[in-house]
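Reading through the structure tokens given below for one structure.
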Amino acid sequence: MTPLLVGLAGYVVVFAVLGPRLLRGCERRQRVTPRSGLLLWTAVPTSWVAAVLAVGLAATAQLTGGLGLAALVHACLRAVLTMLDARQPENVPTAVALLGSFAIVVRLCWVAARQAYLDRRQRRAHHREVCRPAATAFVGGRRISILESPTPAAYCVPGRRQVIVLTTGALARLSAPELDAVLGHEHAHLRGRHHVVLAWGTILAAAFPFIPLLQRMPHELARLLEWLADDHASRRHGRHTVASALVTMATSATTYPPDAALTVTGSDVVDRVRRLLQPPSRERATRWPLTAAITAPVLAFATAAALLVPAVTADPTPLCQGQRAWGKPSSSAHHITT
């Protein structure tokens, strides 16, 4: 193994367990600038998955002699044969490395497809319920779907036919400035396509249920996205107005939006109100944890590229001529001397 491969494997192990602790060290900075936190909680878990794949593929490339894409394709075929025929134990490490990477890709694709299907089905069902002509109105210049319920609630359903939903209880209890703040909050979710970021976190957490870093990802993303929407609404309507609207809406304990929706009372409402009324000081936020957390995924991506690019772009001619396959000379190769 090369030092780069060992270092990347170390990154995978360390961040799988200690990643949440490192990112929590940046929480003060994230409270000041939620976008930096969103970048961290998206880049670090994504780089971790990329590093896992890179370790498997790079190990396969090294064990097959680094002969490029042809060697990797050849390794795929030999790996399957190895798993079916245990008489070649020297090929087992390569088979495990390659099939492990393949299993991760298949798992990610399966979870992503299932999540997309479930979200789309739920959104369509909800649209049929709330997007009736009799249940729509224009509030604050925006087209809103009105849901009959005495409990105050507001949420948005993203997708191709995105819609903001308000209950009659919310219309009755919110003042005009508070209602505008709530609509601004939900509009920020839709305009920023926050559901895409949250869906990615949900997919990674479902695909790797045993990794602490990825299990923490959806919760942290949801909190940061709510902070971003709060800040967007606060710039136009004021922090106190947004906080007052949150307190009013927080009583909606019996109305649950669909899983594919983003609700104004999502995440920890008490913490959000405290952040709005007592904004953190920029001077008190330390920079070194943020710098370290940003540097780590950048180095991981660079290391993965340094490992994979030479292997993938190498000349596959020797393998195609039968001079070397699966890390040793082929028995079918014939050398002619003159």
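Just so you know, glycine gets a Cβ as well, placed from its N, Cα and C.
Per TrEMBL, the features are:
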type     : residues : note
TRANSMEM : 6-26     : transmembrane segment
TRANSMEM : 38-59    : transmembrane segment
TRANSMEM : 96-113   : transmembrane segment
DOMAIN   : 127-201  : domain 'Peptidase M48'
TRANSMEM : 197-214  : transmembrane segment
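A Cβ distance under 8 Å defines the sequence-distant neighbours of the transmembrane segment (197-214), meaning residues of its chain 6+ beyond its ends; these are 15-17, 19-20, 38, 41-42, 44-46, 48-49, 104, 107-108, 111-112, 115-116, 119, 220-222, 225, 262.
Summarising model confidence by region, the domain 'Peptidase M48' (127-201) averages a pLDDT of 82.
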